[in-house]
Amino acid sequence: LCLNSYCHACLQPSFFGYPISIFFIVVNEFCERFSYYGMRAVLVLYFKYFLHWDDNLSTAIYHTFVALCYLTPILGALIADSWLGKFKTIISLSIVYTIGQAVMSISSINDLTDYNRDGTPDHIPVHIALSIVGLILIALGTGGIKPCVSAFGGDQFDDEQEKQRTRFFSIFYLSINAGSLISTIVTPILRGQECGIHSKQRCYPLAFGVPAALMAVSLIVFIIGSGMYKKVQPQGNIMVQVSKCIGFAIKNRFRHRSKEFPKRQHWLDWASEKYDKRLIAQTKMVLKVLFLYIPLPMFWALFDQQGSRWTLQATTMDGNFGAVQIQPDQMQTVNPILIIVMVPVVDAVIYPLIKKCGINFTPLRKITVGMFLAALAFVAAALVQVQIDKTLPVFPSAGQTQIKIINLGSVDATVQFEPGLQSVPVAPHVATDYMTFDSSKLNLLNVTSGNQTVSQVVSSLEKKRHTLAVKNVGTTIEAELLLDNVTSKPEEGNNLIRFINNMAQTVNITMGSTHFGPLESLAASNYEVFSGGRKAIIGNTSSSSCGISSMKLGFGSAYTIVINECSGSSLEVTYVEDIPPNTVHMAWQIPQYFIITCAEVFFSVTGLEFSYSQAPSSMKSVLQAGWLLTVAVGNIIVLIVAGASRLSEQWAEYVLFAALLLVVCIIFAVMAYFYTYVDPNEIEAQLDEEEKKQAKKDKDLEKEAEVVSRM
């Protein structure tokens, strides 16, 4: 332990050779990553279920936000290196970040505009405006500090502490993965709770509020360590110098485009009139790597859809894992869990095995394999989507209506759809599936049971689902056309339940904690929303109380429960399935997550390693900016492709993205084949040698000039 001693080995407070200041930086990064990934995990479901945007708009805004988060690091780096310095930039933008998270939490408070207290916001535009402001502030904050925090941590070490610095970065990236993993598990659980002042809703304020609190903690922890930090003054941004060098070279080349000027070996050599040879040589190396970056955004276009399209896909699946109910947005945790497992396995097992087989598995080949695997992951997602689509109900489109029949009586019934469309026999206590009709052609329903027939004129049925409840009562027939008022699968994996009273007396029905009120004979209740799991049903009549222990509900179903008899303690019911539950299990998403995680290991980890090995040390920040820019462009590609494709089937969109990446993968493989690896250290050593020779030559010329002047 070394505190405040100013010896050569310890110029700042340290613990076992490590500056104490890095503790605050690591905790700061953990809290910030928890805040970002926690908020992002529930974001697309917030768009869909709270703001009531459709899948396409929710996906578009999600990827716009992610793109902005990866564009703003360039701005943060410029502010830190050219103006405020890393410390002040982190403080300033963290405050912006915290405010943004707080605004997001406020925007999701249902009671903020629910003036009539019916459980629905009365002014959605207010919530949308607050959400957009919050997301912009978050993007500025998280993107702006992204290039600063890790570099600021590196600044805390002296030159002779290379080993400690390397270990710090390992701990630093572990804190990133830990924050991401824990938040992606916790925030969906918080979202799944119910909260509210006047009505109970999904608790988005808590799901956004906890990340906001963690961001505030992150800022406070970072400020506490202020007195221990080594703060390097801003020394100018290398990206600005590179940009000016490139700009001058282009402008100078354009000025000397005439044939009378001799050609130069490289177009960047036209900057030699203003910029030194070293900067030009380093810029050439960087541009050579950046050229290889051109195809890379397509990988991120697929990879980042884990938080949008894949999460929306999970909402139509069964999340029952035995004793645990998995939320759709929790499936994203598969990626960070697999990353923690796969990185050491690939490094310690896979790569050595490939090397033993005599295969030269170069970094660019690894990246190519990563792109191919990402395309394969989307093929897997498409196959899962095909199976999901088979289970999804078909709702009536424009000009259509759907009708199902429930025979509540004790004898057979026949329904004739007129004029002359279809005749449907229905056995006692049996329901048909929904039948689709052209609403303009359906005018009349003739119901026959026993020797009795009753007719019912129908109109205004377009784009609606109805249930025709029929029952013979003595010598008459009762026929009631009920509006189902369900136009889509229940949201968020919930279930819809309604009751029909098939008894002669009025009955009071309670399911779970929901009271359906008194139902008169042959009356139907409205649909009520229930989460999955077992729910008790209790019925009460004027003469008896009866019930059944429970009904097990799955995900995304709708049922009509017919109360047939309530005597003693026995409740006799018939279950009619209006919408089938989600039957494709969420576990079927694990293969696609596994494949895309393998793709990430081959692509992302190797990509950064390759980039750093091919550029001089002074240009690392330029490549970091370029790498983050590929992520931003990838998310913009999602907007363009999803918007331009106009594909009605989601599986087809997955196949389209897979095909596009496969084409880009082939292009990249060709580019990689012609790429020549360089050793930046060797090139810089040559430059050092040339500079020494030039310095010696200049010195000799000065001496000669001095001798001549004395003569």
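Cβ from N, Cα, C; glycine included.
Here is what TrEMBL says about this protein:
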type	residues	note
TRANSMEM	6-27	transmembrane segment
TRANSMEM	57-78	transmembrane segment
TRANSMEM	124-145	transmembrane segment
TRANSMEM	166-186	transmembrane segment
TRANSMEM	206-229	transmembrane segment
TRANSMEM	285-303	transmembrane segment
TRANSMEM	337-354	transmembrane segment
TRANSMEM	366-386	transmembrane segment
TRANSMEM	622-642	transmembrane segment
TRANSMEM	654-675	transmembrane segment
Of 57-78, 206-229, 285-303, 337-354, whichever stretch has the most CB pairs under 8 A to the transmembrane segment (654-675): 285-303
Per the Cβ filter (under 8 Å) with a sequence gap of at least 6 from its ends, the transmembrane segment (337-354) is approached by 177, 181, 361, 593-594, 597-598, 600-602, 605
Quickly jot the same-chain residues contacting the transmembrane segment (622-642) by Cβ under 8 Å, restricted to those at least six beyond its ends, or write none. 56, 59-60, 63-64, 66-71, 73-74, 77, 146-147, 238-239, 242, 286, 289-290, 293, 296-305, 308, 607-608, 611-612, 615, 653, 656-657, 660
May I ask for the residues of the chain that lie six or more residues beyond the transmembrane segment (206-229) and have a Cβ under 8 Å from a Cβ within it? 12-13, 19-21, 23-25, 27-32, 34-36, 38-39, 42, 46, 87, 90-91, 94-95, 97-98, 101-102, 104-105, 107-108, 152, 156, 183, 186-188, 190-191, 193, 195
